[in-house]
Amino acid sequence: MEIDQCLLESLPIGQRQRLVRRMRCDQIRAYYEREKNLQRQQGGVKVRALPTRRKKHQVRFSLADVIQDAIIRHDDKEVLRLLKDGVDPNSLIASGGSLLHLCARHDNVFAAEILIERGLNVNLQDEDLWTALHVACVCDHADVVLLLLLAGVNIMLQDVNGNIPLDYASEGTESSYILRKYLEENGVDVSSMHTMKTQRSNIMLSDVRQLVATGRNLSQPNDYGVTLLHIACASGYREVVSVLLEGGADPHPADDNFWTPLHLAAKYGQVNGYKLEILISHLICTLGGLCLMCPDIAASEPIVDMLLSAEESWLQRLKDPSAPLPILLSLNLFFSSQLHGLYRNPFYFPISKRDSLLEKFAMFRETGGAQSAQPSQDNCLDGPFSSGASKLEQVKLMPPAPNDDLASLSELTDSSLLYEMQKRFGNDQIYTYIGHILLLINPNKELPIYSTLVSQLYLSSTGRLCSSLPPHIFSSAERAYHMMLQERRPQCFILSGESGSGKSEACKHIVRHLTARSSPKGFALDPRMKHVSLTRVYTYMLEKSRLVNLPPHQHNFSIFYLMAEGMLPEEKSALYVNNVLAHR
Ligand SMILES: Nc1ncnc2c1ncn2[C@@H]1O[C@H](COP(=O)(O)OP(=O)(O)OP(=O)(O)O)[C@@H](O)[C@H]1O
């Protein structure tokens, strides 16, 4: 069926798509006819595929995983059946928490009740010492909060941050109301709890005072290069910072990761008062330039402004030493209201642990959504897990566009496809769908589209492509994951392209998304992920055919050129690869 291009374009989109579909059907029919004729001409010999003895592969999940899935899906019957079949109610989830943590996160009161009935300890704490009540409060799942209270949960249990569940229940929420009421009824004074929490900083303060009084070294680093000043800055213990600085502690020691106390103060938002000003002043007076990198990791805009203005003053003072010190913003009120109590980390935890805590906080904070991308509409699976975009992770996704799926174009010719792809590539839209196929054009530059947060945005409860998000490799990975669950059999990605087109990178992104999906902390799949990369190199995925039968205009394996570029002339000559282009 031939149709005039102008006529096609003048039709409304619905009609046009129907016509295009019909044209494709005609093409397929013609193809089958041709094949049949060909077979007839060859004497009607039917080539039968050899019977293959294929092994039946079946993905098997442990019962502990199946019950988690049932809890998430609110499949109460399945939860009951699994418990009856002997699943251990005490089995742990990836975060080290219990099934009750999972119920709290997914607001599954029924499952929670059954688990409690079966004797599950309501006070179990996960790796960050969160109880299920901490989780329920963050998510404001009031029914679960109520159930846990009735079950006798200890509401005073602190996490590694020193926070009790009430600290995570936002003011005005139902959970906060229930908890306050409960505390009141049990005669607990909420303000005395605050005193209890400030005990940690007080202990550190008295310890540091003692060190100063005995003339001990205040800048002694631990095994990770972390000093007392690092700890006090990251924790926001302003009195301690003050005593340390006045006692002569080194204001700019770098830990093993080259982080100074100022970096930590900036990152963790501990500007609670004038301490950051003191630190900055110290740095400007002594080493000055050390604060130059700090704005990049600052936790909020006001801190960035403050550091930038300090930086500017420092540069001025380099030119003119009599120039005044920076006038720094007073951030007391702003931050004390926002950050009160959130980063009161016990100082015996390493900095990396605090990073994970901060991520946890960012994950659950504000259900307001990401900065420049909308979370998936059907992304109800992980609730608040998918919502918080923090300053720590910039999300730069292009908005969805009509040409995201080339299958919907009215004109499907080589030139129209290439034209669209080129247009998209120019806008850094490197991914494009053609139906369920995903096209990738290697950008050969880093794009900010692979962060954990983006991976979370593509989480979906059904695996359907989300119309509010642009095409992405994470979306394909998500789809495969759901197909695996639905069909209960292995799924396969076919990554095809010439050398250097980005297959290995794509593979890494797929595995990364699946890793993050299988366990928020990626523990379970990490070793297997390494195995995937190695398999690509050592066995079947490096197509050996490329060595003997190189398609025209294609290069050899890109690793070959990279290797040649890095070799010394004598090494090249020893390996007979002086002229790399001579080697196909
Ligand atoms: N999505 C991407 N974003 C940024 N850079 C990329 C991306 N994909 C690939 N690249 C860049 O292109 C280089 C080559 O990609 P990759 O190694 O994945 O190609 P390949 O198709 O696996 O090649 P070969 O088949 O020769 O092993 C990477 O080292 C990386 O620098």
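Including glycine, each Cβ sits where the backbone N, Cα and C put it.
Please treat TrEMBL annotations as automatic predictions, because they have not gone through curation.
Pulled from TrEMBL:
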type: BINDING; residues: GLY497, GLU498, SER499, GLY500, SER501, GLY502, LYS503, SER504; note: ATP binding site
type: DOMAIN; residues: 401-584; note: domain 'Myosin motor'
type: REPEAT; residues: 95-127; note: repeat 'ANK'
type: REPEAT; residues: 128-160; note: repeat 'ANK'
type: REPEAT; residues: 224-256; note: repeat 'ANK'
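Distant neighbours of the repeat 'ANK' (95-127): 67-68, 70-72, 74, 76, 79-80, 83, 89, 133, 135-136, 139, 141, 143-144, 147-148, 151-154, 157, 159, 383, 385, 520-521; these residues of the same chain sit at least 6 beyond its ends, with a Cβ under 8 Å from one of its Cβ atoms. In this structure, GLY497 is the one among the binding-site residues GLY497, GLY502 with the smallest number of other Cβ atoms inside 10 Å of its Cβ. Checking the binding-site residues GLU498, SER501, LYS503, SER504 against ligand 1, the ones with a C-beta less than 6 Å from an atom of that molecule are SER501, LYS503, SER504. The predicted model assigns the domain 'Myosin motor' (401-584) a mean pLDDT of 79. The ATP site is defined by GLY497, GLU498, SER499, GLY500, SER501, GLY502, LYS503, SER504, and by the 8 Å test on Cβ atoms against their centroid, the other residues of the chain that qualify are ASN442, SER558.
Mapped onto DSSP classes, the repeat 'ANK' (95-127) shows 16 helix, 1 strand, 16 coil.
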